[in-house]
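Visitor: One structure follows; several queries about it will come next.
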Amino acid sequence: MDHQEPYSVQATAAIAAVITFLILFTIFGNALVILAVLTSRSLPAPQNLFLVSLAAADILVATLIIPFSLANELLGYWYFWRTWCEVYLALDVLFCTSSIVHLCAISLDRYWAVSRALEYNSKRTPRRIKCIILTVWLIAAVISLPPLIYKGDQGPSPRGPQCKINQEAWYILASSIGSFFAPCLIMILVYLRIYLIAKRSHRRGPRAKGGPGEGESKESRPSPGGAPASAKVPPLASPLSSTGEANGHPKPTGEKEEGETSEDPGARTLPPSWAALPTSGQGQKKAVVLAPAEEEAEEEEEEEGDECEPQAAPGLPASMCSPSLQQPQGSRVLATLRGQVLLGRGVGAVDGQWWRRRTQMTREKRFTFVLAVVIGVFVLCWFPFFFTYSLGAICPQHCKVPHGLFQFFFWIGYCNSSLNPVIYTIFNQDFRRAFRRILCRQWTQTAW
């Protein structure tokens, strides 16, 4: 039988080149995600196993589905065995459904982590996450079985053998609801609930959260190291008021700033075991420990080990850049015109737990935001296809979209498999650092 190809030679070459790049990029990007989660110390959380499974599903789409879809698109007919057509259709539904059910499970995980933080985080073990992932794949497998069991009547085609999923209206609507619309509704409702919880928590403000460093100053007790157990942080002021040398006139000796008493009641008390560190210079206040090193995960520090240079901060005393006051590893410096406020690693067990908990909550918020972006992009990519697919089943005579537009929506859905690594790179600094470390290591090994 003479088959007429649907595209010209130039269009066929262009489409083949673009889709081949899509396949390679999808495999490379998602393999990088899996490698980053399994090898990086900054991505050890059990919930990241969801991302490993999701990346595996995207790799399977790129290797087992997209190449055959490309051949079917360019040839205009199904070139391969009939049995493989049935397996191909079932796998297509399986991987697409597993992706969205993964996102649905991730949404529920986010909700439980936000609404029942202490209770759920104690139960969120790798074993529990793996059981949830297995359940996700079983649900997707159940939804993908009908193409193997009931093939429907596809009828002859003038363009040769075709490989299409069941075209009956009941199956189209049932599969669209089960594979896309129902999970989407669950995700939207869950994330709406997460947003309301976060908004209510934000309204409460820091007073309701409590923790070290809040409340009135308590009597200092000596710590095991001999330093006072609590220290006061001087309130930050404007450059003019803080130096007492506005307009070039020094403040008279013994004159206090407005609102400042000898006991400095406005100063915040630091948690126990945070010792004060002296700075050089007569008139400078003591530098005090401000925050533990665990919080450095909240800041994006692209370069490490930078040394303090006097030229970089004109107007500051040179003593503040002396070797004795350089920032220790794992600490940060807040430099003001009053002096230098330096933090260190020495925190007590209770305070360390509080700060670790705060850092964990910050990462949870960032992770929730990144996954909201992932879900939003997934819905944007697949909604046009499922909407037009269902619309054709509801009113096939008057609502059917042109074939070219439908195929465009079909391929936009496949493109989603390559986007998650890009989203992680843009919105998550932990993944960004892990990707850079892996790629730089491979580049170094290749160079040598």
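Glycine is no exception: its Cβ is also placed from the backbone N, Cα and C atoms.
The following feature annotations were taken from Swiss-Prot:
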- 13-38: transmembrane segment (TRANSMEM)
- 39-49: topological domain 'Cytoplasmic' (TOPO_DOM)
- 50-75: transmembrane segment (TRANSMEM)
- C85-C163: disulfide bond (DISULFID)
- 86-108: transmembrane segment (TRANSMEM)
- D92: site 'Implicated in ligand binding' (SITE)
- 109-130: topological domain 'Cytoplasmic' (TOPO_DOM)
- 131-153: transmembrane segment (TRANSMEM)
- 169-192: transmembrane segment (TRANSMEM)
- S175: site 'Implicated in catechol agonist binding' (SITE)
- S179: site 'Implicated in catechol agonist binding' (SITE)
- 193-370: topological domain 'Cytoplasmic' (TOPO_DOM)
- 203-326: region 'Disordered' (REGION)
- 293-309: compositional bias 'Acidic residues' (COMPBIAS)
- 371-394: transmembrane segment (TRANSMEM)
- 404-427: transmembrane segment (TRANSMEM)
- 428-448: topological domain 'Cytoplasmic' (TOPO_DOM)
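Please situate the listed features within the shown structure.
Guide: Tertiary proximity for the transmembrane segment (13-38) is limited to same-chain residues at least six positions away from its ends with a CB under 8 Å from its CB atoms, namely 7, 48-49, 51-52, 55-56, 58-59, 61-63, 66-67, 70, 73-74, 411, 414-415, 417-418, 420-422, 424, 431, 434-435, 438-439.
Mapped onto DSSP helix, strand and coil, the topological domain 'Cytoplasmic' (39-49) counts 3 helix, 0 strand, 8 coil.
The Cβ neighbour count for C85 (disulfide bond), using a 10 Å radius over every protein chain in view, is 22. Secondary structure at C85 (disulfide bond), as computed by DSSP, is helix.
Listed by sequence, the residues of this chain that lie at least six past the ends of the transmembrane segment (86-108) yet keep a Cβ under 8 A from its Cβ atoms are 47, 50, 53-54, 57-58, 60-61, 64-65, 68-69, 80, 132-133, 135-137, 139-141, 143-145, 147-148, 151, 163-165, 175, 178-180, 183-184, 186-187, 190-191, 371, 374-375, 378, 382, 413, 416-417.
Around the Cβ of D92 (site 'Implicated in ligand binding'), the number of neighbouring Cβ atoms within 10 Å comes to 21. DSSP gives D92 (site 'Implicated in ligand binding') a helix state.
Looking at the topological domain 'Cytoplasmic' (109-130) alone, the prediction's average pLDDT is 85.
Under the three-state DSSP scheme, S175 (site 'Implicated in catechol agonist binding') falls in the helix class.
Around S179 (site 'Implicated in catechol agonist binding'), the C-beta neighbours below 8 angstroms that are at least 6 residues distant in the chain are V93, C96, T97, I100, I143, F386.
Within the chain carrying the transmembrane segment (404-427), a Cβ under 8 angstroms from the stretch's Cβ atoms is held by residues 19, 22, 25-26, 29-30, 32-33, 51, 54-55, 58, 61-62, 65-66, 69, 73, 96, 99, 366, 369-370, 373-374, 377-378, 381-382, 384-385, 388-389, 392, 435, all 6 or more beyond its ends.
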Visitor: Could you state the whole-number distance in Å separating the C-alpha atoms of C85 (disulfide bond) and D92 (site 'Implicated in ligand binding')?
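Guide: Roughly 10 Å, rounded to the nearest whole number.
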Visitor: Most CB pairs under 8 Å with the transmembrane segment (50-75): which of 131-153, 169-192, 371-394?
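Guide: Out of the listed stretches, 131-153 contacts the transmembrane segment (50-75) most.
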Visitor: Please list residues from the chain of S175 (site 'Implicated in catechol agonist binding') whose Cβ is under 8 angstroms from its Cβ, counting only those at least six apart in sequence.
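Guide: Within the chain, S175 (site 'Implicated in catechol agonist binding') has Cβ neighbours under 8 Å at V93, I143, P146, I165.
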Visitor: May I ask for the distance between D92 (site 'Implicated in ligand binding') and C163 (disulfide bond), taken between their Cα atoms and rounded to an integer number of Å?
Guide: 12
